[in-house]
């Protein structure tokens, strides 16, 4: 049965910042930007002493994978690492802070693991940085070989092979190559590597219970790095049998995930997932090497064994195989002082905390708009207040249920992520939302969500709100038809940038039906409140229908269909819940004596 996980931590919400503080005190070559808790960026201590005259190599993602990514910051490897919350993509503002801090005239390369949230956040940050005059390129790494194609719009996940791409790119940049050439070498390296993981246990997120998904005597094949279910659960096997299966999967001639054939030269990486003893990792390495040589006819030029990209306290390992050529070997052998690459570290200990070289946000005006006295709300402002409060409280109440659903089809933190967003919205509404201005209020909601949620949900909800704001701005009083148009614009924007459409098992499967019903009823001239309520029922129906859908976006893409059919999509249920709560709150405000609901 599930039980509370044991962790040597203080506040579960502060684990990443406290990890960074310990990291920079341990390794004198590292510093961090003084921007906790939102900005969590680790960078080389030597890059600010003079204008940086080489390509900056930046990576990052959710925390919980230590030593990745901050442990690979140093000369010859990463210039900066952007740290998100545990298993949550870092927010755009953090990525921008890192880009601005270390990027010089040669530009920067972003190396991004292929997860939707990372693609969106790093992509938006790259576009913003380009608009500010920085030269930026981005390389996606998708080295997962566990699941056969196709994987919908999600594609192959980025796993431990990303570390080898970091080393190749960092060495190329350190050699003085141009941005285009560094990006080309990184892309080439990403196409040469394949990875597959095996787990004996499920990881425990800080402050949460340990899942009982994987019982005694069982192991999981083909899992990701966020605790999501793997491709199959099987009986525990001897390590040489497990290694043989993994190598066959990576080197399969049917899938052709890597361009490796008999006679190729390769690099082998055995990566611990967080709770695997070095003894077991070395046993796996010892079994993998002769199998590669004898059974697959490969020459193994380098072997790296250790914990490079973990999954908190998960027991298990992953194997990465990279096709080696002289250029790649030269980059892998190049010197680096990144603390978690297997080389020594030396140097003086500079100050660990430096100011953030980033201008004040133009879109965030909380400090300027803090109200010392309660606002005098007009009718529209009152409606906004009750709708927002009801929607946020509904999400807060659903936290555990959403986490329960997400633990079966994702990484188990949907409720916690949405809870952070809802709590921030309630706090910010009291301080700074101009409720009489509906468009600006919607814009501020997006800023609140992006600031605290992170990951895919945070950026998609910010996109949702930005599109609605663009549709609504300039209108002092918003008509029902204009609200419907704004919802249509928001749905279109989320679909455009997130890549999902109806039937992909996402939040859009709640919002698209709601938008259609709202428009259809309003166009008949019927009552606006009735349209709102019936559209909220359509949202709930749409969310429930996701049980019968095959996921084609997000982490559920990697989950078996029989597991998905047992629960609805958590993101869709969350969207339907807040939409329905807002509709009922407006009904109660307009018709307080009515007890019958449509």
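In case you wondered, yes, glycine gets a Cβ from its N, Cα and C as well.
Per TrEMBL, active site, tele-hemiaminal-histidine intermediate is recorded for 226.
All protein chains included, residue 113 (substrate binding site) registers 30 other Cβ atoms within 10 Å of its own Cβ. Residues annotated as substrate binding site in TrEMBL: 62, 63, 64, 65, 113, 118.
Annotation source TrEMBL lists domain 'DhaK' at 11-341.
Looking only at the domain 'DhaL' (382-584), the predicted model's pLDDT averages out at 90. Taken from TrEMBL, the feature domain 'DhaL' covers 382-584.
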Between residue 118 (substrate binding site) and residue 226 (active site, tele-hemiaminal-histidine intermediate), the C-alpha gap once rounded to whole angstrom: 13
Most Cβ neighbours within 10 Å, among the recorded positions 65, 226, goes to 65
Determine which residues of this chain, when 62, 63, 64, 65, 113, 118 are set aside, have a Cβ within 8 Å of the centroid of the substrate site's Cβ atoms, and list them as they appear in the sequence. 60, 61, 68, 69, 84, 87, 88, 89, 225, 226
Let me know how many other Cβ atoms fall within 10 Å of the Cβ of residue 118 (substrate binding site). 27
Using Cβ-Cβ distances, find the residues under 8 Å from residue 62 (substrate binding site) that belong to the same chain and are at least 6 apart in sequence, listing them in sequence order. 84, 85, 86, 87, 88, 89, 90, 117, 226, 455
